[in-house]
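J.: What follows is a single structure, and I will ask about it in a moment.
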């Protein structure tokens, strides 16, 4: 629901980064989105595509990696994938779990194209 | 030639940094803080009204009342005897963020606060990702809603420490199973502390107050 404001935050962070990389151009942004982040990837892409127009990131695409939910049991220490929203340890059945993955909303990387600007100079 | 540059930056890093600052400020003063979340109409304001009215002689409670469009909730809380109630109208935004709370801080007397409560906008999706610097999130659910809500909104129930099941005086009129909601909530978060309350009859409120007072005491220690 608030994917547009998340897209805006991504745009601002990447624009600042793009400024540092000049004259190279940012052509892609790699995101990691956890299954429990509350963010819907399609809506985020839709929002990002709408707001990038008219900015230096107009040609930039999102590369979204969805991250599965992974937990660690507080009782026995077992690390496991949380399936079908069952947050319980498959070994000892404890429901006291620490989340290791699944809440990510991270910009993992940017991809820059170093030749774009040089090409015009030549 | 294209090149990949690692960034490893949280999209909400600015929010998280402000939230950390808020948490430190409240922590230094020994103030216990809660972020109240729920669907619209679960009874956040009603529970806070009664809490303010019935604990005002024992605790100094500061309340930030988030609302999308009106100051109605803040007015209700002031009428309930809240001495330090700040309305926070988002003007359409579906969640509160740490910057909004941070901006209000200069208007708040923290030296005269034992318990700092933020009443978030009624929404079980968007507020889940925004840390407001609170010690705990309290998620409310009422028996007029579905008992499968924890499964529909796992992110919120996972990030909450407390669940209040409200409007239990209406239980007989609803197809809501107390057993199922507990099962669903604990499946998502086995560490959830659960209260059952009715703000109309007052049932279950004594336990809620006792818990609140204990948390405030522990934070001050």
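The backbone N, Cα and C atoms fix where each Cβ goes, and this holds for glycine too.
As the structure is a computational prediction, the values presented were derived from the model and not from experiment.
Here TrEMBL flags A:2 as Ni(2+) binding site. Per TrEMBL, Zn(2+) binding site is recorded for A:73, A:76, A:89, A:92.
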J.: List, in sequence order, the same-chain residues at least six positions removed whose CB sits under 8 Å from that of residue A:76 (Zn(2+) binding site)?
T.: A:89, A:91, A:92, A:94
J.: What subset of the binding-site residues A:2, A:73, A:89 has a Cβ positioned less than 8 Å from a Cβ of chain B?
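T.: Near chain B: A:2.
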J.: Cβ within 8 Å of the Zn(2+) site's Cβ centroid: which residues qualify beyond A:73, A:76, A:89, A:92?
T.: A:74, A:75, A:77, A:78, A:90, A:91, A:93, A:94
J.: What does the structure give for the C-alpha distance between residue A:73 (Zn(2+) binding site) and the residue listed as 'Ni(2+) binding site'? Integer Å is fine.
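T.: Just about 31 Å between their Cα atoms.
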J.: For residue A:92 (Zn(2+) binding site), just count the other CB atoms lying within 10 A of its CB, please.
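T.: Residue A:92 (Zn(2+) binding site) is surrounded by 13 other Cβ atoms within 10 Å.
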